[in-house]
Amino acid sequence: TTIYDLTGRVHGPEDTQDAVFEEVRPLLTSLLDGYNVCIVAYGQTGSGKTHTMIGSLAEEPVNPEDAPLQGIIPKAAAELFRLISEKPAESHVVEVSVVEVYNNEVFDLLSRDSEGAAVGTKRDVITTSTGTSEVTSLTYEMVQSPAEVMQHISSVLHLRARSSTLIHRDSSRSHLIVTLTVTSKSPSAVALGETDRLVSPRGSQKEWWSPRCRRATVSRAASPACSPYHSPSHSPCPSPRPSITQAPMRTKLQLVDLAGSECVGVSGVTGPALWETSCINRSLSALSDVLGALAEQRPHVPFRNSKLTHLLQDSIGGDAKLLVMLCVSPSQRFLTETLQTLGFGARARQVHRPPPRRKNAALKLK
(Lines of atoms letter the chains of each structure in order from A and count residues from 1; the text may use other names and numbers.)
(Lines give C-alpha, C1' and ligand atoms only; values in the text may rest on other atoms or scores of the structure.)
Protein backbone atom coordinates (compact mmCIF):
# COMPACT_ATOMS: atom_id res chain seq x y z
CA THR A 1 0.00 0.00 0.00
CA THR A 2 1.12 3.53 -0.80
CA ILE A 3 -0.44 6.51 0.95
CA TYR A 4 -0.65 10.01 -0.49
CA ASP A 5 -1.78 12.76 1.85
CA LEU A 6 -2.82 16.14 0.54
CA THR A 7 0.01 17.97 2.27
CA GLY A 8 2.15 16.60 -0.55
CA ARG A 9 3.77 13.73 1.35
CA VAL A 10 3.92 10.19 -0.08
CA HIS A 11 4.25 7.26 2.31
CA GLY A 12 5.52 4.00 0.88
CA PRO A 13 5.05 0.46 2.27
CA GLU A 14 8.22 0.86 4.33
CA ASP A 15 6.86 3.84 6.32
CA THR A 16 5.57 3.19 9.82
CA GLN A 17 2.24 4.18 11.32
CA ASP A 18 4.13 6.73 13.40
CA ALA A 19 5.46 8.40 10.26
CA VAL A 20 1.96 8.65 8.80
CA PHE A 21 0.56 10.09 12.02
CA GLU A 22 3.14 12.89 12.06
CA GLU A 23 1.18 14.42 9.16
CA VAL A 24 -1.96 14.37 11.30
CA ARG A 25 -0.63 15.57 14.65
CA PRO A 26 -0.69 19.37 13.95
CA LEU A 27 -4.42 19.26 13.17
CA LEU A 28 -5.28 18.18 16.71
CA THR A 29 -4.00 21.46 18.09
CA SER A 30 -6.43 23.23 15.75
CA LEU A 31 -9.25 21.19 17.29
CA LEU A 32 -8.64 22.77 20.70
CA ASP A 33 -8.31 26.19 19.04
CA GLY A 34 -11.94 25.99 17.93
CA TYR A 35 -11.90 24.35 14.49
CA ASN A 36 -13.73 21.22 13.38
CA VAL A 37 -11.29 18.70 11.90
CA CYS A 38 -11.93 15.81 9.51
CA ILE A 39 -9.44 13.10 8.48
CA VAL A 40 -10.57 10.85 5.65
CA ALA A 41 -9.02 7.69 4.20
CA TYR A 42 -10.02 7.27 0.54
CA GLY A 43 -9.11 4.54 -1.93
CA GLN A 44 -10.16 1.35 -3.61
CA THR A 45 -11.17 -1.81 -1.78
CA GLY A 46 -8.19 -3.55 -0.18
CA SER A 47 -5.83 -0.57 -0.47
CA GLY A 48 -5.20 -0.28 3.29
CA LYS A 49 -7.69 2.35 4.49
CA THR A 50 -8.77 0.47 7.62
CA HIS A 51 -5.17 -0.38 8.46
CA THR A 52 -4.28 3.30 8.10
CA MET A 53 -7.17 4.56 10.22
CA ILE A 54 -7.48 1.86 12.90
CA GLY A 55 -4.44 -0.36 12.62
CA SER A 56 -3.73 -4.06 12.56
CA LEU A 57 -5.30 -4.64 15.97
CA ALA A 58 -8.65 -3.18 15.01
CA GLU A 59 -10.75 -5.41 17.26
CA GLU A 60 -8.33 -5.92 20.12
CA PRO A 61 -7.85 -3.81 23.26
CA VAL A 62 -5.21 -1.14 22.94
CA ASN A 63 -1.96 -1.94 24.77
CA PRO A 64 1.01 0.44 25.04
CA GLU A 65 3.35 -2.13 23.53
CA ASP A 66 1.14 -2.28 20.42
CA ALA A 67 1.51 1.45 19.70
CA PRO A 68 3.60 1.00 16.53
CA LEU A 69 0.73 -0.99 14.99
CA GLN A 70 -2.00 1.48 15.90
CA GLY A 71 -3.57 3.58 13.18
CA ILE A 72 -4.62 7.21 13.07
CA ILE A 73 -7.72 6.82 15.25
CA PRO A 74 -6.06 5.42 18.41
CA LYS A 75 -3.04 7.68 17.96
CA ALA A 76 -5.25 10.74 17.50
CA ALA A 77 -7.19 9.85 20.66
CA ALA A 78 -3.95 9.52 22.62
CA GLU A 79 -2.62 12.83 21.29
CA LEU A 80 -5.90 14.61 22.02
CA PHE A 81 -5.88 13.53 25.66
CA ARG A 82 -2.22 14.48 25.92
CA LEU A 83 -3.03 18.00 24.74
CA ILE A 84 -6.00 18.21 27.11
CA SER A 85 -3.82 17.17 30.04
CA GLU A 86 -1.79 20.36 29.48
CA LYS A 87 -4.91 22.50 29.88
CA PRO A 88 -6.57 23.57 33.16
CA ALA A 89 -8.18 20.67 35.01
CA GLU A 90 -11.76 19.82 34.01
CA SER A 91 -11.78 22.42 31.24
CA HIS A 92 -12.63 19.90 28.50
CA VAL A 93 -15.13 17.06 28.16
CA VAL A 94 -14.65 14.43 25.44
CA GLU A 95 -17.40 12.22 24.01
CA VAL A 96 -17.19 9.54 21.33
CA SER A 97 -19.80 8.41 18.81
CA VAL A 98 -19.50 5.73 16.13
CA VAL A 99 -21.66 5.85 13.00
CA GLU A 100 -21.91 3.62 9.95
CA VAL A 101 -23.28 4.85 6.62
CA TYR A 102 -24.55 1.74 4.84
CA ASN A 103 -26.61 1.83 1.63
CA ASN A 104 -27.10 5.58 2.16
CA GLU A 105 -28.60 5.05 5.62
CA VAL A 106 -27.05 6.14 8.92
CA PHE A 107 -26.70 3.63 11.77
CA ASP A 108 -25.72 4.45 15.34
CA LEU A 109 -23.37 1.61 16.32
CA LEU A 110 -23.12 2.59 19.99
CA SER A 111 -26.86 2.31 20.61
CA ARG A 112 -27.93 -0.48 23.01
CA ASP A 113 -30.95 -2.74 23.23
CA SER A 114 -32.90 -3.46 26.41
CA GLU A 115 -30.30 -6.04 27.45
CA GLY A 116 -27.37 -3.68 26.94
CA ALA A 117 -26.05 -5.30 23.76
CA ALA A 118 -24.73 -3.02 21.01
CA VAL A 119 -27.07 -2.77 18.02
CA GLY A 120 -26.92 -0.62 14.94
CA THR A 121 -29.96 1.64 15.23
CA LYS A 122 -31.05 3.58 12.17
CA ARG A 123 -30.85 7.36 12.59
CA ASP A 124 -31.49 10.39 10.45
CA VAL A 125 -29.33 13.42 9.64
CA ILE A 126 -30.87 16.87 9.96
CA THR A 127 -29.72 20.45 9.50
CA THR A 128 -30.24 22.50 12.65
CA SER A 129 -31.47 26.09 12.83
CA THR A 130 -27.84 27.22 13.09
CA GLY A 131 -26.96 25.50 9.81
CA THR A 132 -24.97 22.63 11.33
CA SER A 133 -25.59 18.95 10.65
CA GLU A 134 -26.75 16.66 13.43
CA VAL A 135 -27.66 12.98 13.78
CA THR A 136 -30.93 12.60 15.63
CA SER A 137 -30.82 10.69 18.95
CA LEU A 138 -27.16 9.82 18.42
CA THR A 139 -25.47 7.93 21.25
CA TYR A 140 -22.53 9.72 22.85
CA GLU A 141 -20.27 8.03 25.38
CA MET A 142 -18.18 10.20 27.68
CA VAL A 143 -14.54 9.08 27.71
CA GLN A 144 -11.61 10.03 29.90
CA SER A 145 -8.75 8.18 28.21
CA PRO A 146 -7.70 6.90 24.76
CA ALA A 147 -8.15 3.34 26.02
CA GLU A 148 -11.84 4.05 26.68
CA VAL A 149 -12.22 5.46 23.16
CA MET A 150 -10.83 2.31 21.59
CA GLN A 151 -12.84 0.04 23.87
CA HIS A 152 -16.05 1.62 22.59
CA ILE A 153 -14.91 1.40 18.97
CA SER A 154 -13.64 -2.17 19.25
CA SER A 155 -16.86 -3.33 20.89
CA VAL A 156 -18.94 -2.38 17.82
CA LEU A 157 -16.65 -3.05 14.86
CA HIS A 158 -18.25 -6.46 14.39
CA LEU A 159 -21.50 -4.66 13.49
CA ARG A 160 -19.94 -3.02 10.45
CA ALA A 161 -21.20 -4.43 7.15
CA ARG A 162 -18.65 -6.62 5.40
CA SER A 163 -18.63 -8.90 2.36
CA SER A 164 -16.21 -10.98 0.34
CA THR A 165 -15.27 -9.88 -3.18
CA LEU A 166 -12.74 -11.00 -5.76
CA ILE A 167 -10.49 -8.16 -4.63
CA HIS A 168 -10.80 -8.47 -0.85
CA ARG A 169 -12.09 -11.39 1.21
CA ASP A 170 -13.30 -9.10 4.03
CA SER A 171 -14.28 -5.91 2.25
CA SER A 172 -15.97 -3.14 4.26
CA ARG A 173 -19.30 -2.28 2.66
CA SER A 174 -19.97 0.87 4.64
CA HIS A 175 -18.38 4.16 5.65
CA LEU A 176 -17.25 4.23 9.28
CA ILE A 177 -17.23 7.63 11.02
CA VAL A 178 -15.74 7.94 14.50
CA THR A 179 -16.41 11.36 16.04
CA LEU A 180 -14.66 12.76 19.08
CA THR A 181 -16.61 15.77 20.33
CA VAL A 182 -14.71 18.14 22.60
CA THR A 183 -16.68 20.56 24.79
CA SER A 184 -14.58 23.33 26.29
CA LYS A 185 -16.11 24.95 29.34
CA SER A 186 -16.60 28.69 29.10
CA PRO A 187 -15.13 31.19 31.57
CA SER A 188 -17.52 32.43 34.27
CA ALA A 189 -17.22 36.01 33.05
CA VAL A 190 -15.06 38.31 30.97
CA ALA A 191 -12.54 40.32 32.94
CA LEU A 192 -13.60 43.92 33.42
CA GLY A 193 -11.77 47.22 33.66
CA GLU A 194 -10.84 48.88 36.93
CA THR A 195 -14.06 50.89 37.25
CA ASP A 196 -16.82 48.58 35.99
CA ARG A 197 -17.66 45.65 38.21
CA LEU A 198 -19.59 42.43 37.86
CA VAL A 199 -21.56 41.54 40.96
CA SER A 200 -23.59 38.39 41.65
CA PRO A 201 -27.08 38.84 43.15
CA ARG A 202 -28.80 36.23 45.24
CA GLY A 203 -29.88 34.27 42.16
CA SER A 204 -27.77 32.78 39.42
CA GLN A 205 -28.47 35.64 36.97
CA LYS A 206 -25.62 38.17 36.89
CA GLU A 207 -26.19 41.83 36.05
CA TRP A 208 -23.91 44.65 35.05
CA TRP A 209 -23.80 47.98 36.88
CA SER A 210 -21.34 50.80 36.97
CA PRO A 211 -20.42 53.34 39.67
CA ARG A 212 -20.20 55.84 36.80
CA CYS A 213 -24.01 55.82 36.63
CA ARG A 214 -25.30 59.31 37.46
CA ARG A 215 -27.58 58.18 40.26
CA ALA A 216 -24.79 56.13 41.82
CA THR A 217 -22.47 59.16 41.64
CA VAL A 218 -24.97 61.31 43.54
CA SER A 219 -25.00 58.81 46.41
CA ARG A 220 -21.23 58.40 46.37
CA ALA A 221 -20.69 61.73 48.14
CA ALA A 222 -22.25 60.28 51.28
CA SER A 223 -19.92 57.30 51.30
CA PRO A 224 -16.15 57.00 50.94
CA ALA A 225 -16.56 53.67 49.21
CA CYS A 226 -16.30 53.46 45.47
CA SER A 227 -20.01 52.67 45.44
CA PRO A 228 -22.44 52.43 48.36
CA TYR A 229 -24.27 49.49 46.80
CA HIS A 230 -23.06 45.93 47.21
CA SER A 231 -25.53 44.35 44.83
CA PRO A 232 -27.27 45.40 41.61
CA SER A 233 -30.57 44.65 43.33
CA HIS A 234 -29.80 47.59 45.69
CA SER A 235 -28.16 49.72 43.03
CA PRO A 236 -30.10 52.82 41.90
CA CYS A 237 -29.23 51.91 38.30
CA PRO A 238 -29.25 48.15 37.81
CA SER A 239 -28.94 47.01 34.22
CA PRO A 240 -31.10 44.21 32.78
CA ARG A 241 -28.21 43.28 30.49
CA PRO A 242 -26.94 39.76 31.38
CA SER A 243 -23.28 39.11 32.01
CA ILE A 244 -21.09 38.70 28.96
CA THR A 245 -19.99 35.09 28.97
CA GLN A 246 -19.03 32.64 26.28
CA ALA A 247 -21.16 29.57 25.72
CA PRO A 248 -19.33 26.23 25.89
CA MET A 249 -17.38 25.67 22.69
CA ARG A 250 -17.97 22.35 20.91
CA THR A 251 -15.63 21.10 18.22
CA LYS A 252 -15.63 17.81 16.35
CA LEU A 253 -12.84 15.53 15.22
CA GLN A 254 -14.29 13.21 12.59
CA LEU A 255 -12.16 10.23 11.61
CA VAL A 256 -13.52 8.53 8.51
CA ASP A 257 -12.71 5.12 7.08
CA LEU A 258 -14.53 5.22 3.75
CA ALA A 259 -15.78 2.14 1.99
CA GLY A 260 -13.62 1.30 -0.99
CA SER A 261 -14.46 2.47 -4.48
CA GLU A 262 -14.52 -0.44 -6.90
CA CYS A 263 -15.32 -1.51 -10.43
CA VAL A 264 -18.05 -4.16 -10.58
CA GLY A 265 -16.24 -5.98 -13.38
CA VAL A 266 -13.14 -6.35 -11.20
CA SER A 267 -14.79 -7.10 -7.85
CA GLY A 268 -17.24 -9.61 -9.34
CA VAL A 269 -20.09 -8.76 -6.96
CA THR A 270 -23.68 -9.81 -7.65
CA GLY A 271 -27.05 -9.65 -5.90
CA PRO A 272 -27.21 -7.55 -2.70
CA ALA A 273 -23.48 -6.83 -2.89
CA LEU A 274 -24.09 -5.19 -6.28
CA TRP A 275 -26.54 -2.75 -4.65
CA GLU A 276 -23.99 -2.08 -1.91
CA THR A 277 -21.39 -1.21 -4.53
CA SER A 278 -23.83 1.14 -6.26
CA CYS A 279 -24.54 2.98 -2.98
CA ILE A 280 -20.83 3.18 -2.14
CA ASN A 281 -19.86 4.62 -5.50
CA ARG A 282 -22.74 7.12 -5.51
CA SER A 283 -21.82 8.43 -2.06
CA LEU A 284 -18.17 8.76 -3.04
CA SER A 285 -19.26 10.58 -6.20
CA ALA A 286 -21.35 12.92 -4.02
CA LEU A 287 -18.28 13.59 -1.86
CA SER A 288 -16.29 14.42 -5.00
CA ASP A 289 -19.07 16.77 -6.15
CA VAL A 290 -19.00 18.59 -2.79
CA LEU A 291 -15.24 19.08 -3.00
CA GLY A 292 -15.62 20.29 -6.58
CA ALA A 293 -18.23 22.85 -5.55
CA LEU A 294 -16.00 24.07 -2.72
CA ALA A 295 -12.99 24.27 -5.05
CA GLU A 296 -14.96 26.34 -7.59
CA GLN A 297 -16.56 28.43 -4.79
CA ARG A 298 -20.06 27.81 -6.10
CA PRO A 299 -22.90 29.48 -4.19
CA HIS A 300 -24.56 26.11 -3.59
CA VAL A 301 -22.67 23.11 -2.23
CA PRO A 302 -24.67 19.84 -2.60
CA PHE A 303 -24.10 18.47 0.92
CA ARG A 304 -27.55 16.86 1.04
CA ASN A 305 -27.11 14.71 -2.05
CA SER A 306 -25.81 11.92 0.19
CA LYS A 307 -26.13 10.98 3.85
CA LEU A 308 -22.33 10.77 3.96
CA THR A 309 -21.75 14.36 2.84
CA HIS A 310 -24.65 15.65 4.92
CA LEU A 311 -23.14 14.01 8.00
CA LEU A 312 -19.69 15.47 7.25
CA GLN A 313 -20.97 18.95 6.37
CA ASP A 314 -19.58 20.64 9.50
CA SER A 315 -16.13 19.12 9.01
CA ILE A 316 -15.59 19.74 5.30
CA GLY A 317 -17.38 23.06 4.89
CA GLY A 318 -16.90 26.51 6.37
CA ASP A 319 -13.55 27.04 8.08
CA ALA A 320 -13.14 23.39 9.12
CA LYS A 321 -9.88 21.62 8.38
CA LEU A 322 -9.86 18.53 6.16
CA LEU A 323 -7.04 16.06 5.52
CA VAL A 324 -7.50 13.37 2.88
CA MET A 325 -5.31 10.26 2.95
CA LEU A 326 -5.26 8.55 -0.45
CA CYS A 327 -4.57 4.82 -0.25
CA VAL A 328 -3.55 3.09 -3.49
CA SER A 329 -2.34 -0.34 -4.46
CA PRO A 330 1.15 -0.61 -5.98
CA SER A 331 -0.10 -3.37 -8.31
CA GLN A 332 -0.13 -2.63 -12.04
CA ARG A 333 -3.45 -4.47 -12.20
CA PHE A 334 -5.20 -1.65 -10.37
CA LEU A 335 -3.73 1.23 -12.38
CA THR A 336 -7.18 2.51 -13.40
CA GLU A 337 -8.36 2.57 -9.77
CA THR A 338 -5.14 4.31 -8.71
CA LEU A 339 -5.59 7.05 -11.31
CA GLN A 340 -9.20 7.54 -10.19
CA THR A 341 -8.08 7.89 -6.56
CA LEU A 342 -5.41 10.42 -7.48
CA GLY A 343 -7.98 12.34 -9.51
CA PHE A 344 -10.17 12.57 -6.41
CA GLY A 345 -7.18 13.86 -4.46
CA ALA A 346 -6.40 16.47 -7.12
CA ARG A 347 -9.95 17.79 -6.84
CA ALA A 348 -9.76 17.91 -3.05
CA ARG A 349 -6.48 19.80 -3.17
CA GLN A 350 -8.05 22.55 -5.25
CA VAL A 351 -10.24 23.57 -2.31
CA HIS A 352 -9.01 26.88 -0.89
CA ARG A 353 -10.38 28.01 2.43
CA PRO A 354 -11.18 31.63 3.31
CA PRO A 355 -9.12 33.12 6.13
CA PRO A 356 -10.16 31.09 9.21
CA ARG A 357 -11.93 32.69 12.15
CA ARG A 358 -11.12 31.39 15.59
CA LYS A 359 -14.29 30.43 17.43
CA ASN A 360 -12.81 31.11 20.85
CA ALA A 361 -11.34 34.53 20.16
CA ALA A 362 -11.41 36.81 23.18
CA LEU A 363 -14.41 39.11 23.33
CA LYS A 364 -13.46 42.77 23.02
CA LEU A 365 -15.29 45.30 25.17
CA LYS A 366 -15.68 48.85 23.92
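Backbone N, Cα and C define each Cβ position, glycine as well.
Residues or ranges marked as domain 'Kinesin motor' by TrEMBL: 1-351.
Annotated ATP binding site per TrEMBL: Gly43, Gln44, Thr45, Gly46, Ser47, Gly48, Lys49, Thr50, in sequence order.
Annotation comment: TrEMBL describes 224-234 as compositional bias 'Low complexity'.
The region 'Disordered' annotation in TrEMBL covers 224-243 (among others).
Taken from TrEMBL, the feature region 'Disordered' covers 347-366 (among others).
The compositional bias 'Basic residues' annotation in TrEMBL covers 349-366.
Listed in sequence order, Lys49, Leu258, Gly260, Ser261, Leu326, Cys327, Val328, Thr341 are the same-chain residues at least 6 apart in sequence whose CB falls under 8 Å from the CB of Gly43 (ATP binding site). With respect to Cβ neighbours within 10 Å, the binding-site residues Gly46, Gly48 differ, and Gly48 shows the lowest count.
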